[in-house]
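J.: Sequence annotations record features per position, and here TrEMBL assigns compositional bias 'Basic and acidic residues' to 1-11. Annotation comment: TrEMBL describes 12-24 as compositional bias 'Acidic residues'. Marked as domain 'PPIase FKBP-type' by TrEMBL: 62-149, 177-268, 307-399. The region 'Disordered' annotation in TrEMBL covers 1-38.
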C-alpha cells in the first residue's frame, strides 16, 4: 500500500501541532486536518492531507500549475513519477493531461500543499488501463502543488489569454477613463520582438487605446504592479492586414498572433465629476482618510502647474498652456473659498468638493462649467470665449461645518436661522436652486427627528414650516411642481389652514392640470381670509381655466355625440337595407310558385288560341 517516500508519518506528526488554517470547504464540512482522508463531494475521489499549504487561494480550471506527483496502484506498484525524473511538470487544469481525476483534486490544493488522492477507474485509466495499470483499476497520486499561474480569458472567446506572472497589490483596477503607465514587450510566434517600451514605460488613457485593441482590454483587468503574459489572436492584434513599420513598432505580418509581456506600473484615476463628461478630475496623489470638502466646507486650496507640483502652488491655464491665473506663489496666501457659494467657477467648485485633504489632482473644465462663451480678463491673461480650462489642485485643508448632532439646541436654531437668511438673499437675487439648498439645510438643523424642549418646540416648528414654504416657492420658480406640492402638503400636515401652503399648492396643482384639487385648496384659503388678494386672483385664473376646460369638454362630447349619431344613422340604414333584402328573399319563392301555377294552368296551346286560362 506504500507510495514512494510513503505517507511520511514524521511529516504528519510535525504538522499536527500547527494552528489550523482555512482550507477547502467540502459541502460545508470543516477543513481537512493533516492525516485525515475524505471524499471530495460525491466525485468518488478521496483526498488525504499530508502537508498544509500556504495562504487560502487555490487554482482553477484553465490555470497552469507546476506539480510533482507519484502515481501508484493500491498495492504500491509505481507506474509514474516526476520525482524519479527529478523534474516537476507544468499542466493546464481541466485538460486531463495526466488523468481527469487528478485535475479535480489539484483545484482543492494550496501552494506548497501535499496530498494523496485515490481515484476511481472512471477518473483514472478506465477500462483501457495503461502499461502496468490493469483495466478498471483504482490509482493513487501523491501530489505536491509547487505553484501555479492564473490564466484568464480576457475576451471570453479565447482571443486574449492572460497568464498572471506576478500579482498586483491592492484590489483597484483602472477604469475606462483612467490614465495608465505600462511597460511591455511584444513578440511574434518566432520570437521576433516588434515593439518595446522604454524603461520608464508609456502613459495612455484607457479609453483612447494604445498599440492594439488587446492592450487596453487586458490593462483594465490588471491591478497596480501586476505582470502578465498575453497571447493575442489576430482579431485583437492587427488582423488580416498586419501592421506597417513605424516609430513605435516593427512590421507585423498579416494574421499574426502576438505574445506580449505586460506590466501595469501604476495608474491615475480619472473621475467624471459632473456626470456629463464636462469636468474631469485626474488624481495625481491620493488624499488622507475618507472625508471630502463637501457643501458648506471652507476650502483652502493651492494649484500647481503640470509637471511642477513641487515648485508651483497655484496655476490655472488654457489648453495651449497659457497661464491666466496664479495664487499662493512665493509664500503668497492660498486661495480660500466656501463651496457652493459661486466664489469660483462651477467646475472648480464641484471638483474641489470631491477632494480629500492632501489630494493632488488635475482638473479639465469645459466652458459650460468655466467662463462660458464670454471673454474674461484674469490676473495674468485674458480667457477667450468657450475656453477649456486646466487646473492642478492640491487640497491643503478644509474645515467642515458642524453636523446637527455635534451642536446643542441653541446652536442648531442659530444655524437654521443663518441658512434661512442666506436662502432669502439668494432667492431675491433669482438664484432659486441654490436658495432651495439653503432652505433644505436650514430645515435639517431643526428636523423632526431632533429633540427640543417644550419652550423651543414652537420656534423650531415655525422654522421648519417657513423653510418648507420657501423651498416650495423655489420649486415653483424652477417648474418643479410635484416638489412644491409635496412641500406644501408637509406644511398642511402641521397647519391645516396655512394660507401660503394652500395658495402655493393650488398654483402647482393648476400647472399639473389638477383643477379640482386646486379649487378645493383655494376655497379653503378663502374660508380663512375671504379678502386675500393673491388667492382671489388665482381663483379668477382657475375659473377661466375651468371655463376653457368645460368648452373643450363640451366640444369633445359634441363631436363624440355627432359621431355616435352618424354611426347610429349608418347602422339604422344598414339594418333597413338588410331587412329589405330579407323581405325580397322571402317574396321570390312565392313569386316562383305563382309562376309555376300559371304555367301549369295554361299549358302551351301549340300555336292554337285558347279561350280562357
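Placed from the backbone N, Cα and C atoms, the Cβ positions cover glycine too.
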J.: Under the DSSP assignment, what numbers of helix, strand and coil residues are found in the domain 'PPIase FKBP-type' (62-149)?
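T.: Once the DSSP states are binned, the domain 'PPIase FKBP-type' (62-149) shows 14 helix, 38 strand, 36 coil.
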J.: Take the domain 'PPIase FKBP-type' (307-399) and average the pLDDT across it for me.
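T.: On average, pLDDT over the domain 'PPIase FKBP-type' (307-399) sits at 83.
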J.: Determine how many residues of the domain 'PPIase FKBP-type' (177-268) DSSP places in helix, in strand and in coil.
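T.: With helix first, then strand, then coil, the domain 'PPIase FKBP-type' (177-268) has 12 helix, 36 strand, 44 coil.
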